[in-house]
Structure formats: C-alpha cells, structure tokens
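For reference, the structure discussed in these notes is given below.
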Amino acid sequence: MRDATPRAWSMPPALVILAGVLLLAGLASLVVPRGAFEREERFFPTLHRVTVANEDPTPTVLAFTNGLDPEQAWRALDPETREAIEDLAAYRGRDVLLAGSDGWNRTVVIPGSYERLEGDGASRVWSLPTVVGRMVLAPILGLQDKAQIIGFVLLIGGAFGIMLGTGAIDRGLRDAVLGLESARLRWLVIPVSFALFSLGGSVFGMGESTIAFVLVTIPLAIRLGYDTVTGVAMCYFASQVGFAAAFMNPFTLGIGQSIAELPYLSGFGLRVVIWCLLTSLGIAFVLWHAERVRSDPMRSPTAALDAQRRAEAETTNEHEGTLTWRDGGVLLVTLGSMVVAAWGVSSWGWYIDEMAGLFVGCGLLAGVVGGMGPGVVARKFVAGAGLMVEACLIIAVSAGIVIVLRQGEVLDTLLHALADPLGALPEWLAPVVLMFVQAVVNFFVPSGSGQAAMTMPIITPLCDLIGVERQVGVLSFQFGDGLGNTLIPTSAVLMGVLGAARVDWAVWVRWVLPFVILLHVVAAIILVVVTLGPASWLV
C-alpha cells in the first residue's frame, strides 16, 4: 500500500528553473511586440576635468593627449552645458571637460530611434515552430556564446582538483586556523576577506576570478566553524557589493561616465563613502550569519554539504601529519597564482585566457611539487573538471535564454517599455525607479559594459529631461547592475561560482535575497538623498 503522507515541497534544481525561464522566453517571442532601436558604433573618450592655464591653453591640452595633434586628439566641453568649446582661450582660468585620446569604442543605442517591426499579432502564431526550434537549439548556442567562460570554469576546476588533491591546502588551512584561534584573531578573517574582495570589485571589476578564489575561501570557512555559504559570501558576494558601489571600475563606471559625458572619477568622494557603507553592511551581515552557524550548524542552508566537508576536514586532522616542505611548496604556488591573477587583472589587463593559463600551469606545477606522478595529476585534473560540468550546463542554458529573446527581437521592446514611463516621474523618485529598471535589464544583459552601452545612451538624455543629474543616472545604473548580479541565473559568473561551491541556485537565492532587498532599500535612500542634496557631492 502506498504511503499517503504528502511529500514536503522543495525548490527544484537550477536547471529545471532555467528550463522554465527558457520556455517563458520562447512565449515572449510570440506575445511581446517585436521592435528595435537603431544602433551606431561610437568612440567615447575619457573626460578629464581640468583648469585651463591663464597664459597659453595648449599645455593644458597636451598634458592629456600625450602630445598628439590637438585638432585630432582632443575636444573640450563646457562642464555645465556639455556643448563643444570652439575657443579654449576664452576659458582661461576656468574648468573644462577635456576629452583625450583614451576611451572606448562601443555599439550603442540611438535614443528615440525605437520602431515596431512587422509581424505582430495573430500572424506570429505561425512562427511557433521557429520558436520551438530556437528553444531546442538554445543550450548549444548558449554553450558556443559562453565557450570562453565555460572553458575557464572547466580548467579552473581541473587545476584546483590537482592543488586540493595534494592535501597541502587542507593541512595549511588547518594550521592557519589553529594559529588564528590561539591568537584570538579568527573574527578578523571575514572582515578582511570581505573588504579585500569588495575592493577588487570596486577598483577593477573582479568577477570571473572569484570562481577560483571560492575554492579556497570555502574550506577556510569550514575550518573556522562556518559554512559553505559564508565561504561564497566572503569572496564572490563581497566582490559584487564592491562592483555595485564601484568608485574606479573602468568596465561599468568608466564606460557609463564616458557615455554620459562625465569626467572619469567624478563623484569619487561620494562613491568611496557609498562603498564603505555597503561594504560595512555586507561584513556585518556575513558575520552575523557566520556566528549563528558556528553556534548551531543546522541553521545553515547548506548544512548537509557542510557536514560532509567537515568530515573530510576531520579526516585530514586525524590522519595527516604536520606540514612538509612539499606542502609549503604547493601552498606557495597556490598563493602565488592568486596574487599574480589579481595583479594581472588589475594592472596588466588580463582576462579569462590569461587567468586560465596561469591556473592550469600552477596546477601542474603544484602536482609536481606535491610529489604526484603524471597519471595521478591527470586523474585529479579530470575529477576536478568533472565537478564543474553541472555549472557549465547551467551557464549554457542561461546564455541560451538571452539568445532566444534576442532572436525574437523583443529585448529592445522590453527596454523601451521600461524606460518610456520614467519621464513622467518626480525628480526624486525617477532615479529609484531607474535602478529597478536596470535590475530588470540586467537579467537579460548581465554584462556590465554591454548594459552600459545599451541603456546609458537612453538614460543620459532622460536625466536631462526630468532634471536629474547625469551622475545620479550613472549611480542608478551601477546599483541596478551590481546588486542584481548576486541573484540572476543568467549571470555566468554567479552560476560558475555556485557550481564550484556545489550550492544550488535556489538555496543561494533563498539565503541572500533578504539582504539584497535591504541593500536595494539603502541604495534607494542614497539615490533620493543625492538627488535632493547639493550638486557639489557629484563633482
């Protein structure tokens, strides 16, 4: 006889959720009117606020154009009207916005160019087979679109499979935690780690590299008596809080301010204050959660996974001896790879290819230093990469969702529908609503620089129309983009991190959502205060 007891409902796996979203994307292609903005390729120079010399203005120009021909290398704008300055000599002793030869080439939306396309209404029902075909092809097209980051995730998994397989990292973390406990410094780990990763997100847009870093911060959190979620939060979540409150990030702040014709790093002081506030809130939240879990491990949303990881750590404690010279070498290679990766991204312009090569090379070196033979290294590499397969499938399907919407020509319609009503809102409310509009757009365009190119050309004239400072518009874009990155399943970085951590997307969202809502409330208050505050804050 069957047991009549109803089973408790549980959140479906991430792939099931994404399959549902993919179905909705296909339906949107049939229901939402098709439309498109015109686009153009433009160069957006970095703007510098400079004071024109009282004597000859030429040195002012040459200082920002590397001595290039002033007629071709620069243009000057009035800081108030944003109009081009014909005679720079007329501005002697005054501030101007000087556009040098540095900047970005971007394909951007032309404001006011939206047009409905033919084929709406009942006739689109006949395109149902085409839409079904797009949905079936979405995973493989998404895999092709995200091949670089999927390859990166697999290679990172393999490299760390070797590093972790030596056992040196476990033994090193064990001794480090014992040292922290004896010196009563355990409480410093979360604040220091969170602040550093938040700084990385704020200064150089740290994102993909956190997939590698969580493979170290999670074992560290477990050793400290915390949980897997804490390990993810003190690394990935911290980087995204910093990303949202960036004060230097060239990929979002730099491009956004260039499109809005604002000087790069303008509003720097205000943004540093915002970064300190949001980072402090993040540290407090993660510390609060970590201490709750430490006192009662069953409060963790990943309690079963944590118990498994603690058992593995205890096995290391019981059966492994002290650190050897080989362990020291492996730890040096592992630490060195992370330092070089962070430095390469921030100073040398490294991206996925360079980081993948670095970690694979260091993984192989760690295997040699750790005393592994070629066969063992190969097996550990394959096993580590195998743990990332689910994450790679999730990344492919999430990218496929965006492709289906793009092929259905409904993305621009959604953007137009979201942005159009903003002009009727009060000055103080418009930036807040704009932040949530950006959060919605972020689901479909999770790339920060891509989103800037898509939305900032529309936001900039809109801000002028409703009397909101352009700087506030950029701030709204930052908040909507950065904070949403911690939730959306279409973010390849988030899904890669969760795959590496073996945490289901639904479990993560259930844990992080209350705090993300709080951050949005704080961000909304900041936007209102800045909008109503003195203009000097934004200089």
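Every residue gets a Cβ built from N, Cα and C, even glycine.
Residues annotated as transmembrane segment in TrEMBL: 12-32 (among others). Residues 124-125, 127-128, 131-132, 134-135, 138, 390, 393-394, 397-398, 400-401, 404-405, 407-408, 410, 413-414, 489, 495, 498, 504-506 of the same chain, all 6+ positions outside the transmembrane segment (12-32), place their C-beta atoms under 8 angstroms from a C-beta of that stretch.
Here TrEMBL flags 149-169 (among others) as transmembrane segment.
Annotation comment: TrEMBL describes 189-216 (among others) as transmembrane segment. Below 8 angstroms of C-beta separation, residues 149, 152-153, 156, 159-160, 164, 169, 180, 224, 230-236, 238-252, 275, 278-279, 282-283, 286-287, 290, 334, 338, 341-342, 345-346, 351-352, 355, 359, 448, 482, 493, 496-497, 500-501 of the same chain, each at least six residues beyond the ends of the transmembrane segment (189-216), sit close to that stretch.
If you look up TrEMBL, you'll see 228-248 (among others) marked as transmembrane segment.
Annotation source TrEMBL lists transmembrane segment at 268-290 (among others).
The transmembrane segment annotation in TrEMBL covers 330-352 (among others). With a threshold of 8 Å between CB atoms, the same-chain residues lying at least 6 positions outside the transmembrane segment (330-352) that come near it are 148-149, 152, 163, 166, 168-169, 172, 200, 203-204, 206, 208-209, 212-213, 216, 323, 358-359, 362, 365-366, 369-370.
Counting same-chain residues at least six beyond the ends of the transmembrane segment (358-378), those with a Cβ under 8 angstroms from any Cβ of the stretch are 155-156, 158-163, 165-168, 212, 326-327, 329-330, 333-334, 336-337, 340-341, 344. Taken from TrEMBL, the feature transmembrane segment covers 358-378 (among others).
Among the features that TrEMBL reports, transmembrane segment is placed at 385-408 (among others).
Positions annotated as transmembrane segment by TrEMBL: 428-445 (among others).
If one looks beyond the transmembrane segment (511-533) by at least 6 residues along the same chain, the residues whose Cβ comes under 8 Å of a Cβ in the stretch are 229, 233, 237, 241, 244, 270, 274, 277-278, 281-282, 285, 289, 301, 427-429, 431-432, 435-436, 439, 468-469, 472, 475-476, 479, 483, 486-487. The transmembrane segment annotation in TrEMBL covers 511-533 (among others).
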Among the ranges 149-169, 228-248, 268-290, 385-408, the one whose Cβ pairs under 8 Å to the transmembrane segment (428-445) are most numerous: 385-408
The transmembrane segment (268-290) versus listed stretches 149-169, 228-248, 385-408: most Cβ pairs under 8 Å: 228-248
